[in-house]
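Features as listed in TrEMBL:
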BINDING   Lys14, Lys15, Glu16, Leu17, Arg18, Arg144, Ile145, Gly146, Tyr147, Gly148, Gly149, Gly150, Tyr151, Tyr152  ATP binding site
BINDING   Ile60, Glu65  substrate binding site
Amino acid sequence: MEGYNIIWRCAFVKKELRKKGLDILKSLVGEERNKISTEIEKSLYQTELWKKSNVIGITISQAHEIDTYPVIKNAWEDGKQVAIPKCYPKQNQLVFYQFTSFDDLETVYYGLKEPIMEKTKELHRDEIDLMIVPGLLFDNRGYRIGYGGGYYDRYLVHFPNHTIALATNRQLVEEVPNDVYDIPVQHLITESGVIY
């Protein structure tokens, strides 16, 4: 019974933290959001991870998130391949597809942009050099609060290469509760630069 209570408390705390993270991101609007995104991008492009990676895994940002459109465009300009995820809820999994144009996207549930399978090419996780992992909150150990589906944690269990997250300083917290299923990111960049 005690184990169940611990799991329940962890889930409750994560739910509260998830709401806090969403509120933080939604409070960033207009010029402030653009300025923070630009500073994060500059720091990303200076890293050896970015420079040495040929294939980047990344999500298409929503309006309240750090803007990933410029990151994707920059990757293409640098001759990199870009892979974005398609979510398969019935199988509880993500599959990444290489895409070469924003015309290769469709809007699915919750307004998410995903690859059109007929216009894109599936990539195995071994083919992705650098995975940019989304999240709402992060701690200094790399643990994160995501959107609650566990898709990235399941994907990253067998991901053999580098992971990095892009976040604002406001998204950093002292500690994110974690369990055995949570996979930390290896590196984090904010508008202050590379944090770890």
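A Cβ is built for glycine as well, from the same backbone N, Cα and C atoms used for every other residue.
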- prompt: What does DSSP assign Ile145 (ATP binding site), in three states?
  reply: strand
Message: Would you identify which of the binding-site residues Ile60, Ile145 has the most other C-beta atoms lying within 10 angstroms of its C-beta?
response: Ile145
Separation of alpha carbons, Glu65 (substrate binding site) and Lys14 (ATP binding site) (Å): 19
For Arg18 (ATP binding site), nearby residues of its own chain (Cβ under 8 Å, 6 or more apart in sequence): Leu136, Leu137, Ile145, Gly146, Tyr147, Gly148
Message: Let me make sure I understand the span of the ATP site: among Lys14, Lys15, Glu16, Leu17, Arg18, Arg144, Ile145, Gly146, Tyr147, Gly148, Gly149, Gly150, Tyr151, Tyr152, what is the greatest distance between any two Cα atoms, in Å?
response: 20
Message: Return the count of C-beta atoms lying within 10 angstroms of the C-beta of Tyr147 (ATP binding site), excluding that atom itself.
response: 14
Where Arg18 (ATP binding site) falls in three-state DSSP terms: helix
- prompt: Where does Ile60 (substrate binding site) sit by DSSP, helix, strand or coil?
  reply: coil
Message: Return the residues near Glu16 (ATP binding site) by Cβ distance under 8 Å, restricted to its own chain and a separation of at least 6 in sequence.
response: none
Statement: All chains considered, the count of other Cβ atoms within 10 Å of the Cβ of Tyr151 (ATP binding site) is 18
Field: Rounded inter-Cα distance in Å - Ile60 (substrate binding site), Tyr151 (ATP binding site)
entry: 15
Message: Under DSSP, is Tyr151 (ATP binding site) part of a helix or a strand, or is it coil?
response: helix
